[in-house]
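Single-structure report; data block below.
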Amino acid sequence: MMQSSLARPLPRPPIRPACGNPVCRSRPGSVSVARCRAEAAPPAPAPAARRAAGPYTGRDPEVKKPAWLRQRAAQGEKYARLRESIGELKLNTVCVEAQCPNIGECWNGGGGAGGEGDGIATATIMVLGDTCTRGCRFCAVKTSNKPPPPDPLEPLNTALAVASWGVDYVVLTSVDRDDLPDGGSSHFAQTVRALKELKPGILVECLTSDFRGDLEAVSALANSGLDVFAHNIETVRSLQRIVRDPRAGYDQSLAVLKHAKSCKEGMITKSSIMLGLGETDEEVKQAMIDLRAIGVDILTLGQYLQPTERHLTVREYVTPEKFQFWKEYGESVGFRYVASGPLVRSSYRAGELFVQNLVRNNKPKLPASS
């Protein structure tokens, strides 16, 4: 009797190789699967060529980051306490937003990122939100044409936080707010007044925008009770349009600093320059002379560090010895205080004792009562 075709055993389905190789006979779980996968894998694509440094941005493979720029990760009791307080009150700091390399040292009170220090802690609070209306090519702060409106509770929350820290010196800074009629000057001034009301003896430094050159806005802030008016020219004249947003400018910044100086007797003014962007020594000297010509008292100089490849290319890592040269040169042309070093930033240890004494001694003396 012929066997019915229905009774015949069905053919086995083909084994699907676990490795994906159609000629592989290894079953799932076989020890040879991994080897087979490696053998059958298509060749890895050639690595993409490094993007060549553009005229302004990108990484320059010829410029290597030196050892003197290495920093320990921030830690320490004071650092942890400040970070917690800032988070609870929903405050912004330029230390975090701008990826400052000195956050551990400053928040711990100078001396080191690990918590050892001299007790002079400096935290730079960023008011008017964390979103800037400008797009400077060196800056890591996020940007938008329409940032959220300022928090009306921010001046009070900032004052409460700073008063609870027990510090004697605080730096307030802000993003640029070209969307506001006065550039945020009145909000800035409210914060200063709230601080002075809660802690009358505190010294307040304000690192400001240029308020689009609005000198009335400069006056409103300069007369709010602050002790140091700081505004950065950022770089030498020839690099302004490359480094800064087109709405900023060298002469506009000088005008802001000059006007702030004239607003109040005893006003201390301050500015900062980044190095490593391709400036020449003669250009740096001229920038210092220009600042001294309008009476700027304090100058900081630091190394520009590129946040991402989309930001300006580092053209040079300036040596600590050259920074020492600039410190001595700055003092020789008349600055009352110069902080100069690879990791120095605008607010670097702003409240150290020398600066505190400079500010206090520069205040106009009240006439003696008869």
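Glycine is treated like the rest: Cβ placed from N, Cα and C.
Given the structure is predicted, the values throughout are model-derived calculations rather than measurements.
Pulled from Swiss-Prot, these are the features on record:
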type	residues	note
BINDING	Cys95, Cys100, Cys106, Ser347	[4Fe-4S] cluster 1 binding site
BINDING	Cys132, Cys136, Cys139	[4Fe-4S] cluster 2 binding site
DOMAIN	115-336	domain 'Radical SAM core'
REGION	1-25	region 'Disordered'
REGION	39-67	region 'Disordered'
TRANSIT	1-37	transit peptide
> Out of these binding-site residues, Cys132, Cys136, Cys139, which one has the fewest other C-beta atoms within 10 Å of its own C-beta?
Replying inline: Cys136
>> Tell me the coarse DSSP state (helix, strand, coil) of Cys132 ([4Fe-4S] cluster 2 binding site).
In response: strand
> Applying the rule Cβ within 8 Å of the centroid of the Cβ atoms of Cys132, Cys136, Cys139, what extra residues of the same chain belong around the [4Fe-4S] cluster 2 site?
Replying inline: Arg134, Gly135, Phe138, Ala140, Val141, Thr143, Val175, Asp176, Asp245
> What is the interatomic distance between the Cα atoms of Cys132 ([4Fe-4S] cluster 2 binding site) and Ser347 ([4Fe-4S] cluster 1 binding site), given in whole Å?
Replying inline: 19
> Could you tell me the C-alpha distance between Cys139 ([4Fe-4S] cluster 2 binding site) and Ser347 ([4Fe-4S] cluster 1 binding site) in angstrom, no decimals?
Replying inline: 15
>> Neighbour count, 10 Å Cβ-Cβ cut-off, for Ser347 ([4Fe-4S] cluster 1 binding site): what number do you get?
In response: 28
>> For the C-alpha pair, I'd like the distance in angstrom between Ser347 ([4Fe-4S] cluster 1 binding site) and Cys136 ([4Fe-4S] cluster 2 binding site), rounded off.
In response: 19
